[in-house]
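Q: Below you will find the structure I want to go over with you.
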Amino acid sequence: MEFHERTSGSAIPPSEEEQDLRRGPWTVEEDVVLVNYIAVHGEGRWNSLARCAGLRRTGKSCRLRWLNYLRPDVRRGNITPEEQLLILELHSRWGNRWSKIAQHLPGRTDNEIKNYWRTRVQKHAKQLKCDVNSKQFKDVMRYLWIPRLVERIRAASGNSTVAPATSDRPEDPAAELARVKLSSETSSAAGSSSSDSLGMHHFSPPPVSDGFPAATIQGGEDNSGDVIVPADLTTGCWSESLPSSSSGGYADLGLPDLDQGVWWDDLWSAENIWLQQQF
DNA sequence: AACAACCACAACCGCTTCTGA
DNA sequence: ATCAGAAGCGGTTGTGGTTGT
């Protein structure tokens, strides 16, 4: 911030050190320096780390580069269906609390999740001409997107080719969540139009092992939107609350693969038809 | 082939929160 | 209790690759 601001209009001339600061994409050489330095000295104290390592970067920049890219346990690339499911779930509960959400996706960074949400989820909302926080869009997620994900996870687990890095950890929240969804033990939400007549209510979140208290409505302390959550979006009964996808349900809509994006174009009409039948 | 439009992701920015003196 | 520096967070922008015309 500092360099940029001071060089643009401020009477305070930038110090020599600030003038020397690099910005923009990191080079391989910088990455190597940072990784080697952290390997020896550990992370933290980012400003002094940047100085001592001889990097002409701010401490913030070093920290971000390490956390989002260079850390050995960072996972990049395709977001698995389990992870997508978990992101939808946790976002419905917490809103844009990306770092909090990221804590439950091992190896994923808040930045990556945030980007995923913006580029995929918000894009689809835009295509549907509705807000991501609107009931319409949440219903799309609830009745179409999530069941689709559940089915994909189910299919994958049937083939015992489960998504990498999310399935082999007993404590893994994504796998846990998927298990919860698939088991579909509770049944109160099916066609829950009576209890959901107000369009919002409290819910009992599935176990997410951070001891987070049973949330009422997400948004919580950050009041970043007071998102209204469809009744059973988060109750673990998705697959019960809608027509069976394998017996005349959404499978019959001929939806293309979730990741391909195109199916959303056709989704809105199908969604409208179905919702009109429901509400 | 060239250009524009779009997309995904990396990085930055400003603000808030935490921590230690 | 207060203050300064460090760390963390969420929103935004920049960049490079891809796709369409």
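Using the three backbone atoms N, Cα and C, a Cβ is placed for every residue, glycine included.
Pulled from TrEMBL, these are the listed features:
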- A:1-23: region 'Disordered' (REGION)
- A:18-70: domain 'Myb-like' (DOMAIN)
- A:18-70: domain 'HTH myb-type' (DOMAIN)
- A:71-121: domain 'Myb-like' (DOMAIN)
- A:71-125: domain 'HTH myb-type' (DOMAIN)
- A:180-228: region 'Disordered' (REGION)
- A:183-197: compositional bias 'Low complexity' (COMPBIAS)
Q: Could you put numbers on the helix, strand and coil content of the domain 'HTH myb-type' (A:71-125), residue by residue per DSSP?
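A: Breakdown, helix to coil: 35 helix, 0 strand, 20 coil.
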Q: Treating G and I as helix alongside H, and B as strand alongside E, what does DSSP give for the domain 'Myb-like' (A:18-70) in helix, strand and coil?
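A: Output for the domain 'Myb-like' (A:18-70) reads 35 helix, 0 strand, 18 coil.
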Q: Which value does the mean pLDDT take for the domain 'HTH myb-type' (A:18-70) in this predicted structure?
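A: So the average pLDDT across the domain 'HTH myb-type' (A:18-70) works out to 86.
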